[in-house]
Amino acid sequence: ISVLFLTLLLLFLALFPGAFDCCMKISDEIPKGILRRVERFEIQKADGLCHLEAVILHIKGKKFCVNPWNRKVQKMMRKMKHKIHRSKSHVRKQRRTRITKEEEQKE
């Protein structure tokens, strides 16, 4: 019986590799200190293998599962998206400026 169980477990892991990456519990409260140190976040939807909506916060290799409806978490996600968008457009402008200056020097 144990060989059959082990075989079924290995088959399950092969077919559904992300099954154990789901958040099983979420925190409703999260300290501001943790929110300030978030490096990136993922949104877990309650479909497929994961049966719970959550925001997964990544901080120095650790994961924190939090309530996606928490106002502090939503505010942090908006700020992070804004920073990413702003920094990408800023880089593009710098590259264009450099190209323009180099072209002017060549002429």
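First residue shown is number 1, and so on along the chain.
In case you wondered, yes, glycine gets a Cβ from its N, Cα and C as well.
Pulled from TrEMBL, these are the features on record:
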type	residues	note
COMPBIAS	80-98	compositional bias 'Basic residues'
DOMAIN	19-80	domain 'Chemokine interleukin-8-like'
REGION	80-107	region 'Disordered'
SIGNAL	1-21	signal peptide
Model confidence over the domain 'Chemokine interleukin-8-like' (19-80), averaged pLDDT: 89
Quick one: DSSP breakdown of the domain 'Chemokine interleukin-8-like' (19-80) into helix, strand and coil? 18 helix, 17 strand, 27 coil
